[in-house]
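J.: Sharing the record's features from Swiss-Prot:
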type    : residues                                                         : note
BINDING : R22, H134, T354                                                  : substrate binding site
BINDING : G109, Y110, S182, D207, E208, A209, H210, T237, L238, S239, K240 : pyridoxal 5'-phosphate binding site
MOD_RES : K240                                                             : N6-(pyridoxal phosphate)lysine
Amino acid sequence: MADPYGWIRADLESLHRVGWYRTTRTHNGLAGPQMDVDGKPVLQFASNDYLGLSGDERLIEAACRAVRLYGAGATGSRLLSGERDVHRELEQALAGWKGCDDCLVFSSGYLANLGTIPALVGKRDLVVGDEYNHACLRGGAELSGAVHRLYPHGDCSALESLLIEQRERHRRCLICTDSVFSMDGDLIDLARIADLARRYGCMLLVDEAHATGVLGPTGAGAVEQLGLTRSLVQMGTLSKALGSQGGYVCGSAELVDYLRNRARSFVYTTGLAPAAAAAALEAVHIARTETPRRALLRQNIARLRAGIDEIGIAQLPSDAAILCLWVGDIEATHCFAGELFEEGIFAPAVRPPTVPTSRIRLSLMATHTEAMIDSLIAALTQVSSRFS
């Protein structure tokens, strides 16, 4: 009888064949702009820790206090034995920061979308999303059983055409989009999308994972920066600029109450570890009040962008802390990243199927120094000269 698991080997071989095979690399040391990767000291330009808070002593102390007070884990679903006062304090802090009535915290950002979208729509409904939406937005849409339609990246005219064609055929419609796109760094035209949602009677879910802590007067994200006041669903993560772990959904009190009862990835899973919640709560306070930290991040972004322009490497348009470089096909991009690593820079290649075209993805932190940025620019200059 044939091996029922034999297909796995064939699939792995196909990943190797097309250059899509990936492995993990071990990072050691305190989270920050300098780490050891596979035993080699490098400058870290792949982390989503945009404000440099993950290794901040205040977050570490908050997490340690929570462990001593509550123990290592939440021990159960928050609807059973897993609710702690720090969960509610975090939700109230996030809701206040985001300008919403209430908030619900999940165990990860992925779970937040995987639970929220199927709770809002079902088989009689429509989900419309940007073709470059994060996998958890697309996964949530597919899991819901709703009709799922994608429009070309950033094309609001195509979005409107889809709504004209499809909206009247369905009971409810949910528009899903990232605000800042994780593999490009560009900010979408949220004001136009919000207007289309209003005109066509659609719910709107905005994933602020890469905008929270980075954009807006207080760092609350693109929704704050653009001054959007229309009722919408603000989703985000605690694991990027906030330096901890977990996800959240902010919105009306009624929406949050509904999700608390209907979002399966909240109801049927263990609550966020109290230590992660406490660290995130401290991070919200820091991100909201320490505006110089965001100013440092913006300076680093501008310095690196200018350096890349001077070298002449093609880069994608970006509005955030993510800069993506085009250096060739899959093989060339992989080799380019390998040579950067030899120069002491960790900036791995991002390849299909994660993105449609291979690229070097650089992410910046407020804690990168000017000297670190200049070291990256020097390494890019050296490596690109060997590839030209």
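Glycine too: its Cβ is placed from the backbone N, Cα and C atoms.
Could you tell me the structural context for the features on the list?
T.: Counting every protein chain shown, 23 other Cβ atoms lie within 10 Å of the Cβ of H134 (substrate binding site). When secondary structure is read from DSSP and collapsed to three states, H134 (substrate binding site) falls in the coil class.
In this structure, L238 (pyridoxal 5'-phosphate binding site) belongs to neither helix nor strand by DSSP; it is coil.
All protein chains shown were included, and the count of other CB atoms within 10 Å of the CB of K240 (pyridoxal 5'-phosphate binding site) stands at 26.
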J.: Around L238 (pyridoxal 5'-phosphate binding site), which residues of its chain at least 6 apart sit with Cβ under 8 Å of its Cβ?
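T.: Listed in sequence order: V105, G109, S244, Q245, G246, G247, Y248, A276, A280, A283.
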J.: Measuring CB to CB from R22 (substrate binding site), give everything in the same chain under 8 Å that is also at least six residues away in sequence.
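T.: Expected: R351.
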J.: What's the most sparsely packed of the binding-site residues S182, T354, counting other C-beta atoms within 10 A?
T.: T354
J.: In whole Å, how far does the CA atom of H134 (substrate binding site) lie from that of K240 (pyridoxal 5'-phosphate binding site)?
T.: 14
J.: Measuring Cα to Cα, how many Å separate K240 (pyridoxal 5'-phosphate binding site) from T354 (substrate binding site)?
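T.: Distance between the two Cα atoms comes out at 18 Å.
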J.: Reduced to three states, what secondary structure does DSSP give S182 (pyridoxal 5'-phosphate binding site)?
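T.: Assignment for S182 (pyridoxal 5'-phosphate binding site) reads coil.
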J.: In angstrom units, rounded to an integer, how far apart are the Cα atoms of S182 (pyridoxal 5'-phosphate binding site) and T354 (substrate binding site)?
T.: 10
